[in-house]
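Visitor: Feature table excerpt (TrEMBL):
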type     : residues : note
SIGNAL   : 1-21     : signal peptide
TRANSMEM : 12-34    : transmembrane segment
DOMAIN   : 14-262   : domain 'Nodulin-like'
TRANSMEM : 76-97    : transmembrane segment
TRANSMEM : 109-135  : transmembrane segment
TRANSMEM : 147-168  : transmembrane segment
TRANSMEM : 214-235  : transmembrane segment
TRANSMEM : 241-266  : transmembrane segment
DOMAIN   : 311-524  : domain 'NFD4 C-terminal'
TRANSMEM : 324-342  : transmembrane segment
TRANSMEM : 348-370  : transmembrane segment
TRANSMEM : 391-410  : transmembrane segment
TRANSMEM : 416-437  : transmembrane segment
TRANSMEM : 449-474  : transmembrane segment
TRANSMEM : 494-517  : transmembrane segment
């Protein structure tokens, strides 16, 4: 892909790339939508709950192959990574659509596992392309970048679910057709705009000052989208015309982030000459390593020693540290249990007497968005103001998630509503906080591969908590049905599952507290570095 003929400001391209990244993330959470069509697969293929859960595990195992995306992100341009993910998703979800729509006979079980694995793996390529590129482009605002992008991933489940209900009355085959075609089209568009911008050409005093304002606008627009999606749960039975108007409004809101690059274009057009003449770069290109040295501007000393936390780590250096494995296991406790709830939401809802579980899927998605976007912004604020270690936010989410699982285990009236909200928020916090934390602890040079090793927790957690724990315990409580399937009705169906997952979250809480203590000095240095950077910006503005 050649360079684009864009306006004479790399800043415009950077923000246009971020908007396209937002759109990619808004459609790349299709891996969390399994509950919307799992019941159709179960009845069509006459599966037991264990067999169905193993299909969901196959979907999540696709993320284990995200290591390929991580290695490729250090060797190939962003557009190649996006292309691979979009084509793989087209094939993986397209095959599932052919089966559910009955255009072909049900495929053998092992073949369905392969296609679900492909669909799950497609999102790792999309997420890697987006996160690695954008965090490198906005190094001074990793928290907001992670929160916004991961927030839209959380919203994507609700976006797909609500659009399918509004346009196709939640038909499973139409839903799968959307999952195969829409991400493919959006990624093809993003290939032309999302790319890494050289740091020395974009980070100036004016850009640094503007970035926080621009991210505030992105946050507001994202919250409006989330509230809009939430409102649809109360009007979704208002008729076809209202649903179609709602769909048009949603598409307009999703397009609204374009106001940032448009504004940036006019601003650059009017002030490009004065900026070139009067401003000096805030961050000059230096031989620096690691998150701390990048922020403080310290010149690296070439030494033959193992890097410390905050410096650039190779993947082999990272996995030899205690901090990496503490982060890894605590991440497993949070996302593994949360993913088990999402994968089993269809059967959990039916067990508790709800015929339609789409609202719970939507609630988990929307409140997951609030967890992602708020934790990204708040963690960045308190890091810069007070040096608060990001792992403390993970610890808080683990305790809250424990409460949510206990409530769902009690199976009281309304507990699934409350539990869905709590699990959504905490799962979102966990994903949003871990992304910048990993970059701050181990650097950005090999970030794509390090991120995808952490994401191995999704298939591992899905296998442990969804495939084994939930699958076996559900089948123990269930009664057989005609055709070879089974079903379970009542609060006892998942009670032990929720209690075991609550215990796992307590373990995760202890690990996060330990990691926060171990990284306290690092975050104190990042706080001090930010104060020096802010003072320099103010001095440049006053001169």
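Even glycines carry a Cβ here, placed using N, Cα and C.
Provide an account of the burial state, proximal residues and distances for the features listed.
Guide: Nonlocal intrachain contacts for the transmembrane segment (12-34), taken as residues 6+ away from its ends with a CB within less than 8 angstroms of a stretch CB, comprise 4, 6, 56, 59-60, 62-63, 82, 89, 93, 119-120, 123, 126-127, 129-130, 133-134, 137-138, 145, 148-150, 152-157, 159-161, 175, 179, 182-183, 186-187, 189-190, 193-195, 197, 202, 214, 218, 254, 257-258, 260-261, 264-265, 268, 339, 342-343, 361, 365.
Predicted-model confidence for the domain 'Nodulin-like' (14-262) is 84, expressed as mean pLDDT.
Only residues 6 or more beyond the boundaries of the transmembrane segment (109-135), in the same chain, are considered here, and those with a CB under 8 A from a CB of the stretch are 17-18, 21, 24-25, 28-31, 41, 45, 51, 54-56, 58-63, 65-66, 69-70, 72-73, 78, 81-82, 84-86, 88-89, 91-93, 95-96, 99, 142, 145-146, 149, 153, 179, 183, 187, 194-196, 435-436, 439, 444, 447-448, 451-452, 455, 459.
Within the same chain, residues 29, 32-33, 35-36, 39, 151-152, 154-158, 161-162, 165, 170, 222-223, 226, 229-230, 232-233, 341-342, 408, 411, 416-417, 420-425, 427-428, 487-491, 493-494 sit at least 6 positions outside the transmembrane segment (348-370) and bring their C-beta atoms closer than 8 Å to a C-beta of that stretch.
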Visitor: At a threshold of under 8 Å on Cβ distances, which of 76-97, 147-168, 241-266, 416-437, 494-517 pairs most often with the transmembrane segment (391-410)?
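Guide: Of the candidates 76-97, 147-168, 241-266, 416-437, 494-517, 494-517 scores highest.
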Visitor: Under an 8 Å Cβ to Cβ limit, what residues of the same chain, 6 or more beyond the ends of the transmembrane segment (416-437), are close to it?
Guide: 131, 135, 142-143, 145-147, 150-151, 153-154, 327, 331, 334-335, 338-339, 341-342, 345, 348-349, 352, 354, 360, 363-373, 375-376, 379-380, 390-391, 393-394, 396-398, 400-401, 403-405, 407-408, 451, 454
Visitor: Which of 76-97, 214-235, 241-266, 449-474, 494-517 has the most Cβ pairs closer than 8 Å to the transmembrane segment (324-342)?
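Guide: By the under-8 Å Cβ criterion, the transmembrane segment (324-342) pairs most with 449-474.
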Visitor: Mind pulling out the one from 76-97, 147-168, 214-235, 494-517 with the most Cβ pairs under 8 angstroms to the transmembrane segment (241-266)?
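Guide: Stretch with the highest Cβ contact count: 214-235.
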Visitor: How about long-range neighbours of the transmembrane segment (214-235): same chain, 6 or more residues beyond its ends, C-beta under 8 Å?
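Guide: Long-range Cβ neighbours of the transmembrane segment (214-235): 15, 18, 22, 141, 144-145, 147-148, 151-152, 155, 158-159, 162, 166, 242, 246, 249-250, 253-254, 256-257, 259-260, 264, 359, 362-363, 365-366, 369-370, 373, 377.
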Visitor: Can you name the far-off residues of the same chain, 6+ from the ends of the transmembrane segment (76-97), with a Cβ under 8 Å from a Cβ of it?
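Guide: Contacts with the transmembrane segment (76-97): 1, 24, 30, 37, 41, 62, 69, 103, 107, 112, 115-126, 128-129, 133, 173, 176-177, 179-181, 183-184, 186-188, 190-192, 194-196.
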